[in-house]
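S.K.: According to Swiss-Prot, the record shows the following:
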type: MOD_RES; residues: SER2; note: N-acetylserine
type: MOD_RES; residues: LYS52; note: N6-acetyllysine
type: MOD_RES; residues: CYS397; note: S-8alpha-FAD cysteine
type: SITE; residues: CYS156; note: site 'Important for catalytic activity'
type: SITE; residues: CYS365; note: site 'Important for catalytic activity'
type: SITE; residues: HIS382; note: site 'Important for catalytic activity'
type: TOPO_DOM; residues: 2-489; note: topological domain 'Cytoplasmic'
type: TOPO_DOM; residues: 517-520; note: topological domain 'Mitochondrial intermembrane'
type: TRANSMEM; residues: 490-516; note: transmembrane segment
Amino acid sequence: MSSKCDVVVVGGGISGMAAAKLLHDSGLNVIVLEARDRVGGRTYTLRNQKVKYVDLGGSYVGPTQNHILRLSKELGLETYKVNEVERLIHHTKGKSYPFRGSFPSVWNPITYLDHNNLWRTMDDMGREIPSDAPWKAPLAEQWDLMTMKELLDKICWTESSKQLAILFVNLCVTAEIHEVSALWFLWYVKQCGGTTRIFSTSNGGQERKFVGGSGQVSERIMDLLGDRVKLERPVIHIDQTGENVLVETLNHELYEAKYVISAVPPVLGMKIHFNPPLPMMRNQLITRVPLGSVIKSIVYYKEPFWRNMDYCGSMIIEGEEAPVAYALDDTKPDGSYPAIIGFILAHKARKLARLTKEERLKKLCDLYAKVLGSQEALHPVHYEEKNWCEEQYSGGCYTSYFPPGIMTQYGRVLRQPVGRIYFAGTETATHWSGYMEGAVEAGERAAREILHAMGKIPEDEIWLPEPESVDVPAKPITTTFLQRHLPSVPGLLKLIGLTTIFSATALGFLAHKRGLLVRI
């Protein structure tokens, strides 16, 4: 006996729940099938007496992320700003350098030129890549066959800019520079608003968090949908051969629907049997886009001692020996539960996973003591962590990455429906893909695709512009005249070389005219 509905949504993360809410609000009968014993997917808010609440998964929202800001406001959630009142720290070559702003200060003029050229070049290349179709970029194939390592080897002249660029890639996509396609990474940064927007706290992707945690987004939608959300129901089979689509779960329940939305990471499609089989390109795509590796760590202290030292808690930490590359203040907005959240990224997540939880905590405390220059960092009162690589119903975090050559070959099928199956999930977004914002955009777009297929809305209403959030307005990202026009290091050397040749030629000509050159 099967349960009948209009649409089955596979996956109860933010994308699936946003899709289900829109369809429900449009008068359709929706059922959400979630494999875990909770909703939220790659967002997860843990609650206990030691932490009150803490986001162990996706957490940050900021300006230009208007879908998630609108949805969360509808659900009655509020945001607060991540602390960045005091100074940030850039720790490199064993020393800490305080700074303010989005990027670390650079005083060496040659190094400054190289850093400036790095960010400018990535943004310039990104502007050539269409957000909704990166494979259509003029140099798409050339850039897609190149790893970010190869690109950075071409762009970076100094070791300083190279190391910061490696950290930037690790942090943005939780993968190594040799693992990801240059085309895909440049697209990823571009569709998040560029290097400054994605890297910044204030006026950037990490500006805010939700009071009470981001897990509430999915939880409050579940409250609205009631028993239409079925937990502990991993989907194992989708059959489209009949009049309706049949969806079977691991506990052998059957659900019958007119349409299905798959709102799980593409690779998790491999856990589902399809009848008829998936088309060739979709079948191969899902084997080729792994997720990144990250352990999220939160160290709690009695006091936010770093603030007393005029540090906000934001730390950019270079070096192979440092377990964490990036840290932020995670103290509650009322000042309670002082904490530092650190991201253990890419190969370091795989390396440190071999240690015990206690050993990881000690390494983190030792690092923070060194970077902050305070022994107080050695005395935590509590510790929480989440290794997303262990999650069988995520496969990793934050998002799926594209190795070289995959985007141009398979990217077109990411959002392409397969019969009556439509695809959501943050990976399929065109703006802030990889974030909660992208998850909402993708879920609502997939829902509207079904509404259009049912004849309820015209095709031009599938993709709708999202008005800017009134509560979290975006300030434009600006660059100075010098930042736009300063030469790169090779450009400067070429300029010096040409100037030297020109000067020598001019002096020779002048000497000749005045008869100062002696004939032999």
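From the backbone N, Cα and C atoms, a Cβ is placed for every residue, glycine too.
Values in this document were obtained by computation on a predicted structure and should not be read as measured data.
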S.K.: May I ask you to report the DSSP-based helix, strand or coil state of CYS365 (site 'Important for catalytic activity')?
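M.R.: CYS365 (site 'Important for catalytic activity') sits in a helix per DSSP.
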S.K.: With CYS365 (site 'Important for catalytic activity') as the reference Cα, tell me which of the modified residues SER2, LYS52, CYS397 is the closest one.
M.R.: LYS52
S.K.: So, in DSSP terms, is CYS156 (site 'Important for catalytic activity') helix, strand, or coil?
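M.R.: For CYS156 (site 'Important for catalytic activity') - judged by DSSP and reduced to three states - the answer is coil.
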S.K.: Let me make sure I understand the structure: which of the recorded positions listed (SER2, CYS156, CYS365, HIS382, CYS397) has the fewest other Cβ atoms within 10 A of its Cβ?
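M.R.: With the recorded positions SER2, CYS156, CYS365, HIS382, CYS397, fewest surrounding Cβ atoms within 10 Å: SER2.
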S.K.: Check the Cα-Cα distances from the residue listed as 'S-8alpha-FAD cysteine' to the recorded positions SER2, LYS52, CYS156 and tell me which is shortest.
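M.R.: Checking each of SER2, LYS52, CYS156 against the residue listed as 'S-8alpha-FAD cysteine', the shortest Cα distance is to LYS52.
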S.K.: Compare the C-alpha of CYS156 (site 'Important for catalytic activity') with the C-alpha of each of the recorded positions SER2, LYS52, HIS382, and give the closest one.
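M.R.: Nearest by Cα distance to CYS156 (site 'Important for catalytic activity'): HIS382.
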S.K.: Kindly assign the residue listed as 'S-8alpha-FAD cysteine' to one of the three DSSP-derived states: helix, strand or coil.
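M.R.: Coil, per DSSP.
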S.K.: Fill in the CA-CA distance, SER2 (N-acetylserine) to the residue listed as 'N6-acetyllysine', as an integer in Å.
M.R.: 41
S.K.: Would you mind pulling the DSSP three-state label for LYS52 (N6-acetyllysine)?
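M.R.: LYS52 (N6-acetyllysine) sits in coil per DSSP, no helix or strand.
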S.K.: Which value does the mean pLDDT take for the topological domain 'Cytoplasmic' (2-489) in this predicted structure?
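M.R.: In the predicted model, the topological domain 'Cytoplasmic' (2-489) has a mean pLDDT of 99.
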